[in-house]
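Swiss-Prot lists K187 with the feature active site, proton acceptor, giving sequence analysis as the kind of evidence. The NADPH binding site annotation in Swiss-Prot covers W11, R30, K103, A136, R251, V275, E277. Sequence annotations record features per position, and here Swiss-Prot assigns sn-glycerol 3-phosphate binding site to K103, G132, S134, K187, D240, S250, R251, N252.
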Amino acid sequence: MKISILGAGAWGTALALQISRRHQVSLWTRNQAHIVDMQVTRANLQYLGDFAFGDQLAVEGDLGRALDGADLIVSVVPTNGFRNALKEIKRLGCDAPVVWASKGLEAATAKLPHEVAQDELGDSRHWGVLSGPSFAAELVRGLPTAVTLAANDAEFAARAGAMLHGGNFRVYTSTDVIGVSVGGALKNVLAIAAGISDGMQCGNNARAALITRGIAEMTRFGVALGGAKETFMGLTGAGDLILTCTGQYSRNREVGLRLANGQTLQEILKTLGHVAEGVHTAREVVKRAGQLGVEMPITQEVDQVLSHGRSPRQAMENLLSREQKSEAL
């Protein structure tokens, strides 16, 4: 089988390396200099280090060639580039099913990736989302990783999951596309909050409180959109949130840490080297939550820090001074 992976960042490349152990893989990016570098070195030195590409992994700069003969497309482009990627897939006449690993909400529309897929591909085409607690640096080293593939069709979810599953990479399946998408988007925003807390030396108790109240926030938002409550206690909810709020490779947590240490957002993004989806997602989540009438105090404070000049200390004080209430969702 041939699997086409769109996006040659750390996670796209880690997936390409993992999947190419069992299938032919075409890894595409539009950055010509990056393509040449990967073709010459047979590694992604820019984003992932010197993990060597095998014979079944081809690097492509031409999207048409990358998609030619594909049995499955896996899009790992940032959320704000996802719609354009789908438009290009349609323009080239490729009818292979699409799975994406983007985690966020589209800027301006505040749409989740599955809503973008509905806009561009419709419901008749098979598509799904791959998400869960997964750092590229660990997967590529052969460390055990478990994720969930949720799709608009249960049979397709099982089939696509079987294509990606193997060895140290466990792929569970689901049909709760909404819940899985929300978990992936919200955990990035909440990880910024956890980073701020850690950067301010608020301690382990505070981090645990942010994570658990973050799960409540994530669940309220997801259920209001039509997701299943139990999804948020699984890999793509609690699992991904815990990892992203505590792990050393978390870009979103790093943003929070550096904000707490006095750096401006512009300084952080200039030197981060990778996309931190939570930065762009917070504003869109607040917008969508307002439309739904869902209370999201942690996300709102993160948005205030990122986009409205509120200090991390003031944001933390605002959360601590909230009225006492029941722990219920």
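Glycine is treated like the rest: Cβ placed from N, Cα and C.
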Measure from the Cα of A136 (NADPH binding site) to the Cα of every one of the recorded positions K187, D240, S250, N252, then give the nearest.
S250
Assuming the binding residues for sn-glycerol 3-phosphate are exactly those in the record, K103, G132, S134, K187, D240, S250, R251, N252, what is the maximum CA-CA distance in angstrom, rounded?
15
When you rank R30, K103, E277 by Cα distance to S250 (sn-glycerol 3-phosphate binding site), which of the binding-site residues ends up on top as the closest?
E277
Residues with Cβ closer than 8 Å to the Cβ of V275 (NADPH binding site), same chain and 6+ apart in sequence?
G9, P78, R251
Those recorded positions of W11, R30, K103, K187, E277 having Cα within 10 angstroms of N252 (sn-glycerol 3-phosphate binding site):
K187, E277
Between D240, E277, which of the binding-site residues has its C-beta surrounded by the fewest other C-beta atoms within 10 Å?
E277
Just to be sure I understand: of W11, R30, K103, K187, E277, which recorded positions have a C-alpha no more than 10 angstroms from the C-alpha of S134 (sn-glycerol 3-phosphate binding site)?
W11
